[in-house]
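Chemist: According to TrEMBL:
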- 7-193: domain 'Ketoreductase' (DOMAIN)
- 13-41, Asp67, Lys161: NADP(+) binding site (BINDING)
- Ser144: substrate binding site (BINDING)
- Tyr157: active site, proton acceptor (ACT_SITE)
Amino acid sequence: MASSGQKVVLITGCSSGIGLRIAVLLAKDEKKRYHVIATMRDLKKKDKLVEAAGDAYGKTLMLLPLDVCSDESVKQCINSVKDRHIDILINNAGVGLLGPVESISIEDMKRVFETNFFGVVRMIKEVMPDMKKRRAGHIVVMSSVMGLQGVVFNDVYTASKFAMEGFCESMAVQLLKFNVHLSMIEPGPVHTEFETKMMEDVAKMEYPGADADTVRYFKDVYLPSSKDIFEAMGQTPEDIAKCTKKVIESRNPRFRNLTNSLYTPIVAMKYADETGGLSVNTFYNLLFNFGPLMHITMSILKCLTCSCLRRRTISPN
């Protein structure tokens, strides 16, 4: 139970990665300003979180089961919180999907939207009425630069993030009238166990329905380039957790928060050309015409952007 003066923070998707690190960082806050409710679909996967939380577990951090794809689960989780009082909701739960779209079933696409989009909508719908009544609250949504800029072979995942960005951009206007803030956290590549395993798995998969050239471009061009980008520009879950903490502690939290300033020019390029041709043709040339040059560029960038520098680029400043 939260102590007097503590803010109640509910976080989804805390079994690993970014969600785990946000939960631990807030629970270990030196001033003990937060009572963290860390949630995950399967509490059998709690061991990593409990170990990382250490002494904070059972004090400033508690666990609850939550499946963001289930209306009943969402309602039960929020109802189990004292007075349904949540000061800060951090929507982190999400799933990825990578590969040629011809080989992806509609059911798999729906699964991504069910978690990444409708999961966020369910959570916001459940906590928003209470926040509006209190005229206080902060809703944080873990988005991605792929919610702003499409990325080849990430078609469905990108679409789910674009949908979430549009929904939240619309909601943010209404919520401000009730003194409720909504903030998007928009990381670029992040080194997590989930990302690493997904990259390894997709490299071994067959892609029925996709033509041979597309499969070759995906495996021999996109995946190596993606690995270069992750190594050169990737952040850690700890980096994203620190950014999130800055956002919720800001007096005037920003709506959009790119966590990696190295990606700012990429996003700016899209809006610099109203026809869309600049970004589409640039990414096409980088991937298909200048692959070797891109590899060299990323190798140089990797040397220049040591971990120390990458930490300094964490936004918002």
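Using N, Cα and C of the backbone, Cβ positions are placed for all residues, glycine too.
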Chemist: Same-chain residues six or more away whose CB lies under 8 A from the CB of Gly17 (NADP(+) binding site)?
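Modeler: Residues satisfying the criterion: Val190, Thr192, Glu193, Phe194, Pro237.
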Chemist: By a simple count of other Cβ atoms within 10 Å, which of Arg21, Arg33, Arg41, the binding-site residues in the record, is least packed?
Modeler: Arg33
Chemist: Only counting partners 6 or more residues apart, tell me which same-chain residues put their Cβ under 8 Å from the Cβ of Ser144 (substrate binding site).
Modeler: Lys161, Glu186, Pro187, Gly188
Chemist: Just jot down the residues in the same chain as Gly13 (NADP(+) binding site), at least 6 apart in sequence, with C-beta under 8 A of its C-beta; none if empty.
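Modeler: The list for Gly13 (NADP(+) binding site) reads Gly19, Thr39, Met40, Val68, Asn92, Ala93, Gly94, given in order along the sequence.
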Chemist: Counting Cβ atoms within 10 Å across all protein chains shown, which of the binding-site residues Leu25, Ile37 comes out on top?
Modeler: Ile37
